[in-house]
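To start, the structure under review is shown below, and the notes come after it.
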């Protein structure tokens, strides 16, 4: 009699081959496969599919169907299902920290780019100013030194006499009365005397 009861209590595997133990009341399938079977039937008939089994219902159904030898397998399956359903808080925190760090990096890069742009503009303006100065210097041709007498066109070389009127003369035509110099010596002398001898005017006496 005891052998018959032990033989009747031997559990059978799920008919779908999922690895869990089945139940005669659910057509030899486990509770999960049986619910999926019902959902497929309802979807084929056009009915609204029932909600997916929650983790709590799965945990409630597994200990009833499993024997002592299959407890570790069922527990591992339950843990894997729960870990897949529940979101990881560590991943959320890591994503939040990465977004904050990226925003900080963007702000620092913008702050660094502003002074770099100002320095670049200053260097460009300085370069343009230097180029314009060099161009103006190159356009100014050096004046050729006159080496001939303005009156007789005699070549005087380094022995010529340069007058205040701006021309070069030889030893004969170097005097102002000879070459009819256009420079006004009287006005120059009067201006020099005026600068060297300023007019001194005393203060007026105030009557008491």
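Here the Cβ of each residue, glycine as well, is placed from N, Cα and C on the backbone.
Mapped onto three states, the DSSP output places residue 170 (Zn(2+) 2 binding site) in coil. Taken from Swiss-Prot, the feature Zn(2+) 2 binding site covers 149, 152, 170, 173.
Swiss-Prot lists 54-68 (among others) with the feature compositional bias 'Polar residues'.
According to Swiss-Prot, the compositional bias 'Low complexity' annotation covers 83-94.
The compositional bias 'Polar residues' feature in Swiss-Prot is assigned to 95-110 (among others).
For 204, the entry in Swiss-Prot reads N6-acetyllysine, with the evidence type similarity to another entry. Within 10 Å of the C-beta of residue 204 (N6-acetyllysine) we count 6 further C-beta atoms, all protein chains included.
According to Swiss-Prot, the feature region 'Disordered' maps to 41-110.
What Swiss-Prot records for 8-42 (among others) is zinc finger, and it gives sequence analysis as the kind of evidence.
What Swiss-Prot lists as zinc finger is 143-189 (among others), and the listing cites sequence analysis.
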Using C-alpha positions only, work out which of the binding-site residues 149, 152, 170, 173 is nearest to residue 204 (N6-acetyllysine). 173
In three-state terms from DSSP, label residue 204 (N6-acetyllysine) for me. coil
Test of understanding: give the count of other CB atoms lying within 10 angstroms of the CB of residue 173 (Zn(2+) 2 binding site). 20
